[in-house]
């Protein structure tokens, strides 16, 4: 099913702007205003014990400074001269027979936002020339990403530390071109979610709905998924990153159709990712227990979104989401005690064990989040984004409530923590599995811009699921 969406943003991918941004960050970190930035694209790799190539995925840091998706490529950026050069593979007559003519140097210069395009055979000679022109100064590269045949010997100083940090910090704030790519990925992915909603009541297996999603994305220009899609029915939705996607939607033990399908899936458009989660009732209507949990999670997300703007501490937004979850579970009778005591004891982690969200861009879990996985507070241990939100950053907002026995049972059996959970009331909710709602938003100075258009109001999802 083809999906009609807005066209790709006009003009070239702004590689030169990105190179200047990275160079400025290197200078801010105290490394001067001259030198050569050197990066390599991803190499072609073969499948082990086979003559077939592995699926190719360009190195994100290389693409950020080049806009070039070609394998086996290189780049240099002369900071002082403000000259960005990419090096692309030359024509290999033997390969032309199988794969056709590759991009020429002249064509690449027209396509990419660079100052020069050369053959990969000229990388070392160009490095030596730059070094001579600069008086043998500094080259910046990323450790373990320099090919054995590349030589930096003419340079007086080689820095393998600052470049990776400078690129990853620069990638946090997106420019308008990047946001347009992210919006396109979200538009295509959101409409693919709708296609799944419409097929939910007739599908017989998780893989059928995954196939509908992936097919809708591919027919609209997204050949790759941002990550392995999650199509988790029934209690499978209690597993955060469920991978199988192959179980029947009628339970083999009870003979009953499972309640819901959690869909965590997003397409990758020109190296930029969407990361969207929705839940659809497989009968076309949420069960009472499913609807109660869904409403809590939706309120968790709405409360979080209301807080978002540049400078807000992400930990505060995450804490608010936990408090909303606690209040909702108290109202249902699943939890008992006071909101404050439950928050301090971290009881909500039994039902909401992951972080509220993360930066999004060329990687699903994008750079610059500065997580602290050693945090002793379980509420924050898996929070992939820490600190103040950056204007122009793109974040996921993905609260959830899950009924995972592996996680909850230790709380129930704990002499200290078991008293806070009403096991009798909880029994009614195991079959819900899990509910997560995830949108992708651009942080602005005054609020946010939600890129995700997939419906999330329960009434709208039910309408689409039963639409003929």
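The backbone N, Cα and C atoms fix where each Cβ goes, glycine too.
The Mn(2+) 2 binding site feature in Swiss-Prot is assigned to 264, 275, 438; the stated evidence is similarity to another entry. Counting only same-chain residues at least 6 apart in sequence, those with a Cβ under 8 Å from the Cβ of residue 264 (Mn(2+) 2 binding site) are 229, 230, 232, 275, 276, 277, 436, 438.
The feature Mn(2+) 1 binding site is assigned by Swiss-Prot to 275, 398, 438, with similarity to another entry given as support. Taken residue by residue with DSSP, residue 398 (Mn(2+) 1 binding site) is part of neither helix nor strand, so it is coil.
Residue 398 (Mn(2+) 1 binding site) counts 24 other C-beta atoms within 10 Å of its own C-beta, drawing on all protein chains shown.
For the binding-site residues 275, 438, the greatest number of Cβ atoms within 10 Å around a candidate Cβ is found at 275. DSSP assigns residue 275 (Mn(2+) 2 binding site) to coil in the three-state reduction, outside any helix or strand. Those same-chain residues not listed among 264, 275, 438 yet with C-beta within 8 angstroms of the centroid of the Mn(2+) 2 site C-beta atoms are 265, 266, 276, 277, 396, 398, 436. The Mn(2+) 1 site is set by 275, 398, 438; from the centre of their CB atoms, other residues of the chain with a CB within 8 Å are 264, 266, 276, 277, 357, 396, 397, 436, 439, 440.
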